[in-house]
Amino acid sequence: MELPKLLISLFLFSFSSFFLGAESDYPQHSNLKRLRPNRLFVFGDSYADTGNIRKSLSDSWKIPYGITFPQKPSGRFSDGRVATDFLARYLGIKSPIPYTWKDYAGKERLLYGMNYAYGGTGVFKTKDNPLPNMTTQIDYFQRVLAAGNIYSPSDLPSSLALVSVAGNDYATFLALKRPLTELPAFMKQVVDQIAVNAMRIHKLGVNKIVIPSMQPLGCLPSITVFNSFQRCNATDNASTNLHNYLLHKAIARLNNETKPSTFVVLDHYNAFLTVFKNKGPEPGVSRFGNPLKPCCVGVNSSYDCSNVDEKGEKKYIICEDPKAAFFWDIFHPSEEGWRSVYSVLHKHLKAIWI
């Protein structure tokens, strides 16, 4: 997720009263087959992108991104693996090949699925970003299916789709200086479009679609930098919760309309908070000294992770051990951060599976 720095003034309203009972609106289906999918299709933004953006257009292809895995930049917005990789690992499959690299991958590699996510994008067009939004990403998926030379209709029922929406639409809302009084209505538009996208993916043949809730935006280092990375912004998190409440409602409606297909909200929000608050031996979850402080930052507010000056000299600082940091840069978790989040989510994944 590439939120602009003006995200610091994110949201002014608290909608806490709307959040009660959100989980109860999520229907449970008792007739689900307990079989894990064998291929993964991915749509969304930089929390899921594994290398779709051209190298000339993205910091994710610059040093020090990829320093942990694969020890060089790979187009991932992290020092290593991201959400897509850990979900694929849970499924027991290789991480799906990025769409833009499909012509360079062998047929066997493509059978694990395909990743259509592009960093910095949203469900709608995002500001100053020519990359494909989610509707266009699904268009690409539909074209691949129509070609018929990689996937057959019989492949799709045993597939899973991951739909990542981490906040770029709201960053664009703020960048365009729209009145904050319009924000709740815009949130509903975003969530309604997520539901439209998820249903479209289902109608193309995918029977299981996972949509992560939005991570606590008020805990991003781009926000917490203003209190020396000491605490999350409660107002921003309350507004994030409105998005998540609306998402649960929308997904509940889809589940009521499309049995036995299941749309699942994967609880990134509370998984992030669980990791932040971990003070003891939570199985598989790292204990971070200060989880809000990122590993890689610019030397000052004019620079970001990976920036160099006109002489090629580094204008960023990296922490001594990326594994000791939950966040890699001011927006994105580190590999160890993502690993801890998906360790928390392991029980949830096991409970909803398939």
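Yeah, the Cβs are placed from backbone N, Cα and C, and that goes for glycine too.
On a predicted model such as this, the values are computed, not experimentally measured, just so you know.
If you look up Swiss-Prot, you'll see Ser46 marked as active site, nucleophile. The annotation active site is assigned in Swiss-Prot to Asp329, His332 on the grounds of similarity to another entry. Residues annotated as N-linked glycosylation site in Swiss-Prot, with sequence analysis given as evidence: Asn133, Asn233, Asn237, Asn256, Asn300. Here Swiss-Prot flags 1-24 as signal peptide, drawing on sequence analysis.
In the structure shown, across all protein chains, Ser46 is the one of the recorded positions Ser46, Asn133 with the greatest number of other Cβ atoms within 10 Å. Nearest to His332 (active site) in space, judged by Cα atoms and limited to the recorded positions Ser46, Asn133, Asn237, Asn256, Asn300, is Ser46. Ranked by how many other Cβ atoms sit within 10 Å of their Cβ, the glycosylation sites Asn237, Asn256, Asn300 place Asn300 at the bottom. In this structure, the C-alpha atom of Asn256 (N-linked glycosylation site) lies 27 angstrom from that of Asn133 (N-linked glycosylation site). For the pair Asn300 (N-linked glycosylation site) and Ser46 (active site, nucleophile), the C-alpha distance works out to 23 angstrom. In space, Asp329 is the closest of the recorded positions Ser46, Asn133, Asp329 to Asn233 (N-linked glycosylation site), judged by Cα positions. Using a 10 Å Cβ-Cβ cutoff, Asp329 (active site) registers 28 neighbours.
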